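Let me begin by presenting the structure, written as structure tokens, before commenting on it.
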Amino acid sequence: MCLAFGWAAVILVLQTVDTASAVRTPYDKARVFADLSPQEIKAVHSFLMNREELGLQPSKEPTLAKNSVFLIEMLLPKKKHVLKFLDEGRKGPNREARAVIFFGAQDYPNVTEFAVGPLPRPYYIRALSPRPGHHLSWSSRPISTAEYDLLYHTLKRATMPLHQFFLDTTGFSFLGCDDRCLTFTDVAPRGVASGQRRSWFIVQRYVEGYFLHPTGLEILLDHGSTDVQDWRVEQLWYNGKFYNNPEELARKYAVGEVDTVVLEDPLPNGTEKPPLFSSYKPRGEFHTPVNVAGPHVVQPSGPRYKLEGNTVLYGGWSFSYRLRSSSGLQIFNVLFGGERVAYEVSVQEAVALYGGHTPAGMQTKYIDVGWGLGSVTHELAPGIDCPETATFLDAFHYYDSDGPVHYPHALCLFEMPTGVPLRRHFNSNFKGGFNFYAGLKGYVLVLRTTSTVYNYDYIWDFIFYSNGVMEAKMHATGYVHATFYTPEGLRHGTRLQTHLLGNIHTHLVHYRVDMDVAGTKNSFQTLTMKLENLTNPWSPSHSLVQPTLEQTQYSQEHQAAFRFGQTLPKYLLFSSPQKNCWGHRRSYRLQIHSMAEQVLPPGWQEERAVTWARYPLAVTKYRESERYSSSLYNQNDPWDPPVVFEEFLRNNENIEDEDLVAWVTVGFLHIPHSEDVPNTATPGNSVGFLLRPFNFFPEDPSLASRDTVIVWPQDKGLNRVQRWIPEDRRCLVSPPFSYNGTYKPV
């Protein structure tokens, strides 16, 4: 017997958040997933600074020949220890921090990671290794603020011979420039082989949206030494030609041997001109009345979700979150109806792989964890980034600093109407009326943050529906990465302005989805449709073609690693050994929304840093040594990265009735177009995936929602509207509702 109403009862209890604690993991336990507090960060930093053998100096010291702490973040405990703590009431694991230290003040500089604990009063330290037997190279480290300051002054000094050249061709300079200064954007990887630190810099005019204002000059600088005096400019590229050094370009310019391009003045004086094309200032006609405000989300009685520390309760859902400084947004212990659906769903990496005609354009392969993907989570604007009704949450990062840095309103949490019913039906009587109408309002809960990695803005969402569906979504916006226009560049992009080329690129995002569908013992299977041709049983002289189900069970990791170009089945199921009352394995379906393709050939030079990008989906057995598919260091040493996802698959482990992890790659090709000026817009530039219950419940769990409306026709008078709303209407006044349901000729 299938007691469907039992699920609805459980979820209804969970919707009454005041009683949720009786069936939830206690909120204080969720702190096992929480980011470090400012006090904990300070305690770790103080502990490290006081260890004389480390010889630490402040990060902001203007030298690279120093030892300094680059990153402090929470070190996630082992899963088995956390589950024993959450599910069995065992002692909680030690709370620890991960600390990344740059050791530059020694003969052989290196980067070393440490675990520091226990918090809040640390007294021990132990070395960590991203990959057994692999030592982090000095050249693989991310660039620090101190290094950027040194780079700016080095470029400023090195280009002094070009001062007049800059003034004549751009109207801007590096010297005495006030509001007409030049700046630069650096690209990566930094060289062509492991151990190098040779960066190309795009020289730009520092105006609003300077990413769209290249000057035509790009500079290659070797900055691999800890001694700035050893840094040197190796090459320059200007308007299609290479030069050995600034002096050569200046000399040839002085005698008229350089094919120069004089740029128009973006800041004219005393003239009425439209706003700069890279500006957000409105221009043109838009026929929506400006004296009428747009729609707003309102919740007059307050939120229907509950936030307890880092744990969120909403309808049948509960989950904990953190904002990992190095890689970004993560959610843990995802439960619906009191049962675990996933242990972790997290952003692992975001890359943008470019093509171009200029050296910087062709070199650019951005691997954004190497640029602080999780730490560039700046303030969200009410009414724009999130509804005004959202709960805004702060973040604290220690990334390239000397203490915790407060990022106000770095995340937001809100419920919103979707504008489409979760489900509805009009039951016609086919006589001009109806038997009944029923509908359930569509609402979702959204947890959101953003990452602004220089020019690009990524909007990261985790979305929760009342029918047990969860969605992960990324929207891409911000400025395109652009280079100087040359006719040859049209093979690699689109001309966006007189001297501007928007370069072709592919965005790829990698997620880790640790599925725990009603427990840690899961299996992976797919369902596909096959056509069968058979004799029609009720008309033997005719044939019948119809779809049939074909189920495939996967037993090894290699079988469940789907490469791009290979057909990926539409129904990807993670199943519990438990069966529902109809005899089907209780499952969750992974549904991927993506237009990604393979960009780099397998094994090609820098591709080793992003081998996860070979697979839209790979399913592996859980291993503690396989917690992350990328690292801080893959960007600047992609030729010998410390984390190589392909190695996760080499042991080809059994994946039947095991603790399974789905690694999901989503993305899209972006060929810039004129409408990307000033910014790429979000419509059409979002990708992600859904986790959908598939025979997990005996019926739709959203039946527990009291947002349902049913209308019954009446022979006389008004139709009867059946609603389930709180008895106490003092705090909730429903808007007027009427429904006729008839249809007739006119």
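Residue 1 is the first one shown; counting continues down the chain.
Each Cβ is built from the backbone N, Cα and C atoms, and glycine gets one as well.
Quantities reported herein were computed from a predicted structural model and do not represent experimental measurements.
Annotated active site, proton acceptor per Swiss-Prot: ASP368, in sequence order, evidence recorded as similarity to another entry. Taking all protein chains in view, 24 other C-beta atoms sit within 10 angstroms of the C-beta of ASP368 (active site, proton acceptor).
All protein chains shown were included, and the count of other CB atoms within 10 Å of the CB of TYR456 (active site, schiff-base intermediate with substrate) stands at 23. The secondary structure of TYR456 (active site, schiff-base intermediate with substrate), as reduced to three states from DSSP, is extended strand. The active site, schiff-base intermediate with substrate annotation in Swiss-Prot covers TYR456.
For ASP514, ASP516, ASP659, LEU660, the entry in Swiss-Prot reads Ca(2+) 1 binding site. DSSP assigns ASP514 (Ca(2+) 1 binding site) to a strand segment in the three-state reduction. Listed in sequence order, the residues of the same chain lying 6 or more apart from ASP514 (Ca(2+) 1 binding site) and placing their CB within less than 8 Å of its CB are LYS79, ALA342, TYR343, GLU344, VAL345, TYR622, ASP659, LEU660, VAL661, ALA662.
Look at Swiss-Prot and you will find GLU557, PHE648, ASN651, GLU653 tagged as Ca(2+) 2 binding site, backed by similarity to another entry. A C-beta separation below 8 Å, combined with a sequence spacing of at least six in one chain, links ASN651 (Ca(2+) 2 binding site) to GLU557. DSSP gives ASN651 (Ca(2+) 2 binding site) a coil state; it is part of no helix or strand.
The annotation N-linked glycosylation site is assigned in Swiss-Prot to ASN110 (among others). ASN110 (N-linked glycosylation site) is surrounded by 15 other CB atoms, counting those within 10 A of its CB over all protein chains shown.
Marked as N-linked glycosylation site by Swiss-Prot: ASN269 (among others).
Taken residue by residue with DSSP, ASN533 (N-linked glycosylation site) is part of a strand. Neighbours of ASN533 (N-linked glycosylation site), defined as other CB atoms within 10 A of its CB across all chains, total 8. Marked as N-linked glycosylation site by Swiss-Prot on the basis of similarity to another entry: ASN533 (among others).
The N-linked glycosylation site annotation in Swiss-Prot covers ASN740 (among others).
The Cβ of PHE648 (Ca(2+) 2 binding site) has GLU557, ALA618, THR620, ARG623, GLU626, SER629, TRP663 as same-chain neighbours under 8 Å, each 6 or more residues away in sequence.
Sequence-distant contacts of ASP516 (Ca(2+) 1 binding site), defined as residues of its own chain at least six apart whose C-beta falls under 8 angstroms from its C-beta, comprise ARG340, VAL341, ALA342, TYR343, ASN522, ASP659.
For the pair formed by ASN533 (N-linked glycosylation site) and ASN110 (N-linked glycosylation site), distance between Cα atoms is given as 66 Å, rounded to the nearest Å. All protein chains shown were included, and the count of other CB atoms within 10 Å of the CB of LEU660 (Ca(2+) 1 binding site) stands at 26. Shown in sequence order, THR620, LYS621, ARG623, LEU649, ARG650, ASN652 are the same-chain residues outside GLU557, PHE648, ASN651, GLU653 whose Cβ sits within 8 Å of the Cβ centre of the Ca(2+) 2 site.
Taken residue by residue with DSSP, ASP368 (active site, proton acceptor) is part of a helix. Of all the Cβ atoms in the protein chains shown, 22 others lie within 10 Å of the Cβ of GLU557 (Ca(2+) 2 binding site). Cα separation, ASN110 (N-linked glycosylation site) to TYR456 (active site, schiff-base intermediate with substrate), rounded: 30 Å. Annotated pair ASP368 (active site, proton acceptor) and TYR456 (active site, schiff-base intermediate with substrate), C-alpha to C-alpha distance, rounded: 10 Å.
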